[in-house]
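What Swiss-Prot records for 583-593 is compositional bias 'Acidic residues'. Here Swiss-Prot flags 594-604 as compositional bias 'Basic and acidic residues'. Feature annotation from Swiss-Prot assigns region 'Disordered' to 583-604. According to Swiss-Prot, the feature topological domain 'Extracellular' maps to 60-65, 111-116, 240-288, 346-378, 456-467, 516-537, an assignment based on a curator's inference. According to Swiss-Prot, the transmembrane segment annotation covers 39-59, 66-86, 90-110, 160-180, 182-202, 219-239, 289-309, 325-345, 379-399, 435-455, 468-488, 538-558 (among others), on the basis of sequence analysis.
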Amino acid sequence: MPAMGTALPRAMASTASVSTSTGSSELSSLSDNINNPADISVIVIYFVVVMAVGVWAMVKTNRSTVGGFFLAGRSMTWWPMGASLFASNIGSGHFVGLAGTGAATGIAVTAFESHSFALLLVLGWFFVPIYIKAGVMTMPEYLRKRFGGKRLQIYLSVLSLFICVILTISADIFSGAIFIKLALGLDLYLAIFILLAITAVFTITGGLASVIYTDTLQAIIMLVGSFILMIYAFVEVGGYESFTEKYMNAIPSVVEGDNLTISPKCYTPQPDSFHIFRDAVTGDIPWPGTAFGMPITALWYWCINQVIVQRCLCGKNMSHVKAACIVCGYLKLLPIFFMVMPGMISRILYTDMVACVVPSECVKQCGVDVGCTNYAYPMLVLKLMPMGLRGLMLSVMLASLMSSLTSIFNSASTLFTMDLYTKIRKKASERELLIAGRLFVSVLIVTSILWVPIVEVSQGGQLIHYTEAISSYLGPPIAAVFLVAIFCKRVNEQGAFWGLMVGLVLGLIRMIAEFSYGTGSCLAPSSCPKVICGVHYLYYAIILFFVSILVILGVSYLTKPIPDVHLYRLCWSLRNSEEERIDLDAEDREENEADARTEEDQTEKPRGCLKKTYDLCCGLQRAEPKLTKEEEEALKKKLTDTSEKPFWRTVVNVNVIVLLAVAAFFYGYFA
């Protein structure tokens, strides 16, 4: 049996060959399925409608201020916010990754999605009220207000942008490229460039409001399209009972070859395929990791991740924010039916390809020697759906990819502009900040395209495990800092900084080791030292989280506390304080505001036609009237208001109980 040190380069080379080799004749012919008037018409209509919604949002919304561009002026209602939360989370990586892992191991992977409902409630009821009362636009900005200093803010901003590139953008582009290559037969980089260019147009011109409105449309398309595919898949397989029976017998016809002795467990469906909670030691997703590890990574993703939180910060009021979280919570219970089970059905219908285990056979089927599970969902779309509906499902994949990327681009530009650019250009005017945010999106596009070759050679196995593993190595220390920052006022800057540093080092040790040695497979176990890679990544997330908390609390209690006068409305115990807060970053903010006022006082120069057109597209055409001091105070009060009307507070609280009951039944049935 080859060691992983030699197996990894082989896997990397074969994965890279996807973009250069023709693959099997069957895959090459799949693109012919889309070459018909019905499918092409549906795709064209999709792009026209999405562009129309983007232009409508661009004209309708205020994009000429930082608050309008990045937070939609706190004017969004619950239903587009809820749809945007869902669409921002569900990228093409979910369709490819969840379906692929479902095909390989069963329904346990759905726990990564379904447990999110609880953290969405934590977000709406506990975290967002603090963020709004603090008056922040970004998560690093909250750390600066809470702890003072600049190193935490800069550290978290840089780390968040790094995570955007290696995790979110890379996974979405890789999975989207798989589908687009099969469906359209386009060159990989040409397809990616076109998609990223269209995505960037919405983000650069429209701001957050445009992103949310297009996300709402994308969410509707995703839900309708994936529901139709689910119906077709279950009809084809003969219903649910037939599905459960046939899946357990979906064994590939070729299980020997390449001079390998292949264990039956590598190609036989697992006995616990239809259970979410699995053995604590031998399970691929152990139940303690599901119960305790997943909530930690979900805490980082749903309550601290800029992409998600930014959508909640733009709500009209707290009732709208909570209602949006509830809507998204309901929608997060659907992936098991819309993505995971269709992936399992794909294994039944196309067993020799989706469940291939012999490396040479996998190369013959899909051009990759480490497995073809990532092709489970695209195969269903291209071979099962009739004309017209294939175009609809391609639109679904485009929608999931573009909605996720628009969200990432907008939030990443917010992080760069508000947390990093203002450190470089302290005297930047509001106009300059808006332009800088839009230009940074262009930089992200270039970075994303350059990252594609790295993604190709890194994704030999199941995509969803890659994304969750990276989240488990980088997310827990951030989750620990924000959790104790909000719920323990004794924590100070020194504790938070060293907790993040220790957690980052431990996380990078595991992540770099896995990149170096590989994660292994059923055929070739990893040669990574057991002391580093011997525990499941979800268990490692638990260890990271509690080590970070111990360091944060230990250092904080050994150093001076932050006086309460700096913490009013920044932590839970002081959330309702009426006293005036003296921000730890007050001097920096006053200096920046004075510099901004100096530039804004300059007279506006006459503009030509080209300049006016450019300003119209970028939301810079209207010079907002200067607010009086009273108007500034009123605006600040609106942006930091967390009050609710009693009736609507009761309505959302009742809906929480209903959601919890539905989720309890869901887990009780599938556990």
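Backbone N, Cα and C define each Cβ position, glycine as well.
Note that the coordinates shown come from a computational prediction; the quantities given were computed from them, not determined experimentally.
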At a Cβ cut-off of 8 Å, and with pairs 6 or more apart in sequence only, do we get at least 3 pairs between the transmembrane segment (379-399) and the transmembrane segment (289-309), yes or no?
no
With pairs 6 or more apart in sequence, are the transmembrane segment (160-180) and the transmembrane segment (90-110) linked by at least 3 Cβ pairs under 8 Å?
yes
Counting by DSSP, what is the helix, strand and coil composition of the topological domain 'Extracellular' (346-378)?
22 helix, 0 strand, 11 coil
Do the transmembrane segment (538-558) and the transmembrane segment (289-309) come together with 3 or more C-beta pairs under 8 Å, pairs six or more apart in sequence?
yes
If contact means at least 3 Cβ pairs within less than 8 Å, sequence distance 6 or more, would you call the transmembrane segment (289-309) and the transmembrane segment (468-488) in contact?
yes
In contact by Cβ distance (the transmembrane segment (468-488), the transmembrane segment (325-345); 3 or more pairs under 8 Å):
no
Could you put numbers on the helix, strand and coil content of the topological domain 'Extracellular' (111-116), residue by residue per DSSP?
5 helix, 0 strand, 1 coil
PLDDT averaged over every residue in the topological domain 'Extracellular' (516-537):
83
Cβ under 8 Å to the topological domain 'Extracellular' (111-116), counting only same-chain residues 6 or more beyond its ends: which ones?
89, 94, 98, 276, 285, 290, 294-295, 298, 301-302, 329, 332-333, 335-336, 464, 468, 663, 666-667
Counting by DSSP, what is the helix, strand and coil composition of the topological domain 'Extracellular' (516-537)?
7 helix, 0 strand, 15 coil
With DSSP as the reference, give the number of residues of the topological domain 'Extracellular' (240-288) in helix, strand and coil.
13 helix, 4 strand, 32 coil
